[in-house]
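According to TrEMBL, the protein carries these features:
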- 1-24: signal peptide (SIGNAL)
- 175-199: transmembrane segment (TRANSMEM)
- 206-232: transmembrane segment (TRANSMEM)
- 244-262: transmembrane segment (TRANSMEM)
- 274-292: transmembrane segment (TRANSMEM)
- 298-317: transmembrane segment (TRANSMEM)
- 329-347: transmembrane segment (TRANSMEM)
- 417-548: domain 'GGDEF' (DOMAIN)
Amino acid sequence: MKNLFIKSILLIVSCWFAVFSVNAHELTSEKRVIQDDALWHLVDDNKTPDITQLIKQYNQSSNAISSLLGRSGAALAKLPITAMQAGNWYVMPVANFVDQGHAYWQDELGNIKQLADFSQFQQPQSVVLMHGQAFKLTLKKPSTGNLWIYIKAKHYPTPAHIAVVPESQFIASSFVVNSLSIVTITVMLMLAIMALILFIKTRYKVAAFCFGYVGLHGLGWAMAAGLGQIIYPMSPVNTSYAGMYLFPFAIGCASYFAYYLFNFNRLKPIKNRLLVYYANIALLLGVGMLFLPFTWVFYLSHLLASIWVWVSLFVGYKMLSLQDFRAKYFFTGNLVYSLSLVYYMLSHFTAFDGPSPELVVMLALSIDCVCIVMSLSEWLRLKQQEFNHVMHQSRFDALTGVGNRLLLNEKLADLQNKYLVVFIDCDSIKQLNDQLGHAQGDQFLIYVADLMQQQLADLGQVFRTGGDEFIGLCEVNQGNDLVSLKWNIEKRLQEINIQVKQRWPASGISYGIATSEEGKSASQCLSIADSRMYEVKSQHKAQATSEV
């Protein structure tokens, strides 16, 4: 009778293991993914979970939920496991935000031990995997048992699949994920620093908002990737959520950046301020979201992202159609980023398998940030051209192309050596205008200015300071002195006067020369040269009268 009882027990145990083996997930040298399809059971949300009580709740619950997608709270999964040989595997619950995570192993005798605490905060990470969590499962011998996984989060944005990967594959894949994440975050933050330096140097608002655009995206994704918890694991809050809270501010800066990039601030129509209205709404939402539950924050951030996809592409395409060179970079970057955002958001609202949405967005965003900084550099180049054009207009005479009085004053202030000034006045310009018209008078002035530039180019510079008045400024260099310089200039001025009279017989030039040794200041030298010019002019008038 006793033997019959023992045989019955052995038969029941054998049947149980047979059924268990059929339903168990066999661990091999290949990656295995357990889909989030009736995988999880919702359990009580306890601050310090008791695995015994959790298993009791699990067994008492009638059915598993279809998926954790879009849900929140605590959940427990039971994975029957069998391994035909000893080995190391890594288990990865696919959940972006995990406040608490615990793993337990229950052997075939029912003994339970904790394998890992993979909570995202207030807990140093034993396994570093950006954008996710992982823990190590070590079986020292062929084993059969149950793997219990407990997770708790404020929101599950994707189906919570569970991947079991052999150690060698995990090391390779985690290296790729972590490396790409660090590289893309570094690129974004370095570009943000460049934009900040440009703002400090130029004080242009467009550079400030470029810094906010790129920097907040980089910081947000650094937090979402888990760097905040890696750097400061004992943080009182889960910094992985920070990316969603920072996103509205990043989008607000992006909208303001587009507004200033294309100089909409110079235009009056109300449609050109739509980017400002959207930016202000995003920034206000960002402040308000600090006081909302995370689920609201999650969906509001997605709403802002959806709107930004259309806004950025419309603005980029519209400006590209207007042949705005800056739009080439802006549109290209936002097209890549927008496509990745659409892919990222679809992964949060539909169950589908594909490349990591987080990595896709980060790679696309790093490309976008490069394009954004390039569009900023193009804006600065155009601004520099505009500045140079204004500077040229303010310092050069529009008619003759020679320098004006402002440029003359700057050159006088910069003089280091001895110099001389030449005061030049065109003769009979009034009669010429009266007889031939002002158009011919302008041609005369252009001709005289060109002659002076040609004759004096190697000795100094010519400036137009009035209607028919010009001033030449010549600085002494190693190749000459004041005496030889004065003689050389007088000779050339006489040649200019001859050439002018050959073409315009009724006219000519009168000039006076003064050196820096004759006056205590540049203004005194100019006054002396002016007086000498009038002496020559009087001689020319007397000569013209005698000839008549």
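The count begins at 1 with the first shown residue.
Here the Cβ of each residue, glycine as well, is placed from N, Cα and C on the backbone.
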Tally of residues which DSSP labels helix, strand or coil - the domain 'GGDEF' (417-548): 75 helix, 28 strand, 29 coil
Candidate ranges 175-199, 206-232, 244-262, 274-292, 329-347 - greatest C-beta contact count to the transmembrane segment (298-317) (under 8 angstroms): 329-347
Overall pLDDT for the domain 'GGDEF' (417-548), taken as the rounded mean: 86
Close approaches to the transmembrane segment (206-232) from elsewhere in its chain (Cβ under 8 angstroms; 6 or more beyond its ends): 96, 120-121, 125, 128-131, 181, 184-185, 187-189, 191-193, 195-196, 198-199, 238-244, 246-247, 249-250, 252-254, 256-257, 260-261, 358, 361-362, 365, 369, 372-373, 376, 379-380
